[in-house]
Amino acid sequence: MNTLRDPFSLRNKPNFNPALQILRQQSPILQSPILQSAQKAAQQITSEVQKTVVNVVTPAVDSAVESAKEVAKETIEQMSFSIPKNVPSFTSSQRDLENQAWSARFNQQKDLPLYKDKPYYSSSATAKRKTMLRRKRVIAIVVFLVIAAWFFGIFSGDVVKLPTAIKPTNTKGVVDWDERREKVKEVFLESWQAYERDAWGSDIYAPISKTGKQMGSAGLGWIIVDSLDTLMIMNLTSELSHARNWVEHTLSYDQKTEVNTFETTIRMLGGLLSAHYLQEVLHLIPSDPKNPDMYLEKATGLADRLMGAFDTASGIPWASVNLHTGAGIPSHTDGGSSSTAEATTLQLELKYLAKLTGEKSYWDKASKVMEVMDKLSPKDGLVPIYINPISGSFWGSEIRLGSRGDSYYEYLIKQYLQTKKSEDVYKDMYNEAMSGMKKHIIKKSHPSHLTYVAELPSGVGGATSPKMDHLVCFVPGMLALGATMGQPIDRARKAARGKPWGQRQEEDLHLARELMHTCYQMYAVTATGLAPEIAWFETEIPKPGEEEKVDYRKDIIIKPRDAHNLQRPETVESLFVMWRLTGDEIYREWGWKIFEAFVEHTKTKEGGYTSLDDVTVIPPRMRDNMESFWLAETLKYLYLLFSKDDILPLDEVVFNTEAHPLPMFDVPPHFHKADWRKVKEDAAAAAAAAGEVKKAA
């Protein structure tokens, strides 16, 4: 096996010749006027002369090429990346120096580096002498090959392009992003039209068998309502008219059906509220003058049926609710406990509905849940993944930022932003949680030292598990959003509510970049270019003296039971946020590669798109199921990733966890801001003051 390290995957490029790549890309000789004249002269050489020269030069050229390959191999080995043995400090002076060197190497902005492990250069005199000797040998071979190349006509064709992996990140003027955006729109239309044809009004769609079925006694709008705002953003007016007509005249939530409180809130309530916002506030599409508040009325009716889930002793909602009776229903597993993420991911939707309707009860129920959570004082801000609605206490000790834990953290920072940064308690809870995450579960894999988010099966203080759900890939976007408050980096660095950009923001942004790289590699290492549902990371530390070489396929372990792909959006969601906030187009390029993989491997013969059973084989086995978030999230985020950055700016809207955009707003005067920490502090201060007075008396 060739163990030569190749962090840019240059050898995987078609027709790649290391010697010629290096010569064409690196040699200053090839940029000289002499070469330009030589190229013109080469075009005038007759075929007869070329044949004559080839007969004479070919043997010598072959020998020179072989020598060049050996030199190139040695040069590449010298350029190979050394891997730090420990987790790096995000703010060390050494790291800053590396960032500067790395950005200068590829002519990038200092604050927007490509995700590559940074080279460490030897400064010894011996190393310098060896480097000079190698350079002289390469230059000599270059001169010889340039002369030979004139006769071969190598320079008369297209110039060899830099591999995508090392192109400068600023590709404006080169890539037609509008065209790529329209490609995403085309795929959405294909998916939507297949659903319209085969299963209109159904909640579950099987695109291969062309069938649909309901989750309850009648359609809940699981796919249609979830897709309303995507139809609006993509300006698909005829498809939207069809969907709106179904919602207005067919959809009814008065069904004897048990539904998950969380899923129904984020998909259905969030979808209806977002449609109302985009229609009535942003005027993306004209509203129906006969019934302009139709979406809001449907949302209010649904919310009223969900309120029974909050009728608990603690205020923590039941896992499910009966839509007909409005009665809350405990989970049938986990001791009747609710998922922590599900109980704490209802707030954006209910608070916006309260603002629209003036109904304070929605607001109070949403805030009460967060107060209960905070008063449990989770260690270092990290919460177990279950909470009991009766006792209001955590059930079990397992902690993870994947399933059942993820959106608790996401909604902390988004609640702070939703009310225009007026409720500091959510910012404080978020910062505590991020500090706890960095302290306990940010880990490095081997041999390539990918950064990943581990799990704590036994809670804080217990051993970590090197398991990371694809769901965790929302974290890079969350960290960037929390660091910049939704503003582009250049603006955010100047001021953050009148305060200078600080160490916490820099740390979080660095960590966001590193985790974004890891999430992308979860796609890049598979045969299909699509990520598995769960990845495991290699933790075995190499033996003393054993050198670690970058090979992401060795870091990421995919177990057979975890190899499926459900068309999830978390990675492209973070790519969208990272692109918006950093302006680094590498995130768009990664998104395009992921989109191409989806198109190549998940499109069915029947015209729809489906989830997969195994991303590690080609062709992958198809599951015959299209998730609603394929339309509501994955394709929406890809469309926005390739769109202009003034559409739904991140310092004006928050996306709920189902990608439904909702506006930021001022807290209505008659609503109570979340200030229970301040109340507690004031009470403690008052008690202390009273004690001092009593002593003095």
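For all residues, glycine too, the Cβ spot is worked out from N, Cα and C.
TrEMBL lists 138-157 with the feature transmembrane segment. The feature active site, proton donor is assigned by TrEMBL to Glu263, Glu533, Glu570. As annotated by TrEMBL, active site applies to Asp406. According to TrEMBL, the disulfide bond annotation covers Cys473-Cys519. Residues annotated as Ca(2+) binding site in TrEMBL: Thr657.
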Test of understanding: give the count of other CB atoms lying within 10 angstroms of the CB of Cys473 (disulfide bond).
29
Just to be sure I understand the packing, how many Cβ atoms besides its own are within 10 Å of the Cβ of Glu570 (active site, proton donor)?
25
Quick one: of Glu263, Glu533, Glu570, Thr657, which recorded positions lie within 10 angstroms of Cys473 (disulfide bond), measuring between C-alpha atoms? Sequence order, please.
Glu570
Can you check which residue among the active-site residues Glu263, Asp406, Glu533 has the largest number of Cβ atoms within 10 Å of its own?
Asp406
Given Glu570 (active site, proton donor) and Glu533 (active site, proton donor), what distance in Å do their CA atoms have, once rounded to a whole number?
11
Compared by Cα position, which of the recorded positions Glu263, Asp406, Glu533, Thr657 is the closest one to Cys519 (disulfide bond)?
Glu533
What Cα-Cα separation, expressed in whole Å, is found between Asp406 (active site) and the residue listed as 'Ca(2+) binding site'?
10
Those recorded positions listed as Cys519, Thr657, and which of them has the most Cβ atoms within 10 Å of its own Cβ:
Cys519
Glu263 (active site, proton donor) and the residue listed as 'Ca(2+) binding site', Cα-Cα, nearest whole angstrom:
10
